[in-house]
Amino acid sequence: MDAADTSSFLSLFAAVSYGIASMAMVFINKAVLMQYAHSMTLLTLQQLATTLLIHFGRSMGYMKARGLNVETAKKLIFVSLFYNANVAFALASLKGVNIPMYIAIKRLTPLAVLIAGFFTGKGKPTTQVTLSVMLTAAGVIIAALGDFSFDPFGYSMALTSVFFQTMYLVLVERSGAEDGLSSIEIMFYNSFLSLPFLLFLIIATGEFPNSLSLLLAKSTSLSFLVILLLSLVMGIVLNYTMFLCTIVNSALTTTIVGVLKGVGSTTFGFILLGGVQVHALNVTGLVINTAGGIWYSYAKYHQKKSKLPKLMSDVEAHRK
């Protein structure tokens, strides 16, 4: 397998893994929150489990990751804050918004990432990439017209989540490229730095100690424990695949993968955990949305294939 094939396989693996984990996580979190409404405490448990797993894995030699560095932690503090703000607002919206509606709003993230790229000096994307993202966003709007019943609180929480998701994806992409950090290392810093912030939130919002008392009471239910354990495990898997996809590909690719997995999530969401009525606008919007995602994937694939031979030729020329 040559360099081009290896790079393409890793990019595809990262994107597919993130898509599957992200789709599963929406349903698992929704199932937990239907029985346990303390979303901040749930997020704290997920981050604590991630921190402990990586710490012990590194200590026992199962994971190759550098130890905690103060300077690196300072650089990643905003990544952690934006990540937790995104998940916190997303979980808050899931408590009152059904899955198809939630996913439709979250599909606006690729457009937000594209706009953020202009302001962060990343450079202008190709015409095909820009048009495909615009087509994806247009599909979201059309689907939303036939999908939404007005819920100001839930939708405002989801839209705020879109903003914070855009910010942390852009920062993760920059941190991985500039500091040479692996996805596991970024995940560890993100989880570790999250804990003080989250502990403050669950106390300030009044979740603690009531959330702990309810958790102990729910621990007698085997079905709840299984769902909670799945949530903790999938939280780790989701974080890893998300950071891997963002570093190997780009922030925009990660959001487009989220859009594509949303098609499957929406389909299941109409049936599971409180679906909504299907309208012609939903179907039309989803078709347009999917077409935009496929178009984007095609454009990025050819863009990456054209860049790699040029890079290899530059390296060979430098060696001569």
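Cβ from N, Cα, C; glycine included.
Copied over from TrEMBL, here are the features:
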- 20-297: domain 'Sugar phosphate transporter' (DOMAIN)
- 9-28: transmembrane segment (TRANSMEM)
- 34-56: transmembrane segment (TRANSMEM)
- 76-93: transmembrane segment (TRANSMEM)
- 99-119: transmembrane segment (TRANSMEM)
- 126-146: transmembrane segment (TRANSMEM)
- 152-172: transmembrane segment (TRANSMEM)
- 184-204: transmembrane segment (TRANSMEM)
- 224-244: transmembrane segment (TRANSMEM)
- 251-273: transmembrane segment (TRANSMEM)
- 279-298: transmembrane segment (TRANSMEM)
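Across 99-119, 126-146, 152-172, 184-204, 224-244, stretch 152-172 shows the highest tally of CB pairs under 8 A with the transmembrane segment (76-93). Take the transmembrane segment (126-146) and the stretches 99-119, 152-172, 184-204, 224-244, 279-298: counting Cβ pairs under 8 Å, 279-298 has the most.
Regional average pLDDT for the domain 'Sugar phosphate transporter' (20-297) in the model is 79.
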